Amino acid sequence: MSAIDGLPPLREVIARHDLRAKKQLGQNFLLDLNLTARIARAAGDLTQCDVIEVGPGPGGLTRGLLAEGARHVLAIEKDARAIPALQEIAAHYPGRLTVIQGDALQIDPLAHVTPPIRIAANLPYNIGTELLVGWLTPPQWPPFWQSLTLMFQKEVAQRIVARPGGKDYGRLAILAQWRCEARIVLTLPPQAFVPAPKVESAVVHLTALPEPRFPADARVLGEITRAAFNQRRKMLRAALRGLHPQVESLLEASGILPTARAEEIDLERYCALARALSAARATAAAGARQE
Ligand code: SAM
């Protein structure tokens, strides 16, 4: 039976190209084209956009993105075995799919796409967080992308959207929510994939805000959250002691109890602390210059 886009069913594609899943490449394929269409729809209106897809594999999500009207898809796949299967899709959608074989951690996609740009992917789990952190920390804001629609292990998805007060809340939540709207749009059981992974998965949709929710220097905010959450059981006055000699008064000036712990503090207060620390360091540096 041919699928909705006139291309062969994915099981047939996988058999014909001998695409047996390899664990070391994080390969868990989605074979249900209704599901990949749902993920593509969650990415928003694609008709005016170029979409970057990391790890297209046999092309289930790629087909969803193209069928949903993506202007152009740039698909970056490490596994050479998948390239001929992806070229068949490219032939079916002339001029709308570019396939690059290589490592998404090494390739700069920007030479191959035109704004507006969205990113959509069923990510290889071993590099998913690294790719996300890279996309969330570009050299300038707003970033080159409008939105990210990404499949993660459910536990990672929960850490991205977590609110203060629980064990999921940490650096990833702060990094993601400082400059993005982030929500889980779909949760999937292991059986949705071939082969089935051990854990549940979830799709997170992140939309880039035009500017951060609260002003702060990205580097200083990162420094604070790293120190705070690396010692999340300690009181902040102890966990942040190395950042500034008067850290306790900086905490108080930012509306934070020095005895509080990292997971109790919301984004607004972390940003206030980042501004206070930047200002205190600037004052100290100006004083040192005058001496
Ligand atoms: N998108 C397909 C789907 O939904 O069925 C496949 C998803 S599978 C979870 C992850 C894909 O990423 C695999 O095709 C794998 O070969 C590819 N991959 C793994 N590491 C990669 C890397 N460093 N760069 C690009 N692709 C990679």
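In case you wondered, yes, glycine gets a Cβ from its N, Cα and C as well.
Keep in mind that TrEMBL annotations are predicted by a computer and have not been checked by a curator.
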The S-adenosyl-L-methionine site in TrEMBL lists Asn28, Leu30, Gly55, Glu77, Asn122. Which one of Asp18, Asp103, Asp108 belongs there according to the record?
Asp103
Neighbourhood of Leu30 (S-adenosyl-L-methionine binding site) by C-beta distance under 8 A, where only residues 6 or more apart in the same chain count:
Thr36, Ile39, Gly60, Leu61, Asn122, Ala192, Phe193
Distant-in-sequence Cβ neighbours of Asn28 (S-adenosyl-L-methionine binding site), under 8 Å, six or more positions away:
Ala21, Asn122, Tyr125, Phe193, Val194, Pro195, Ala196, Pro197
According to DSSP, which kind of secondary structure is Leu30 (S-adenosyl-L-methionine binding site) found in, if we only use helix, strand and coil?
strand
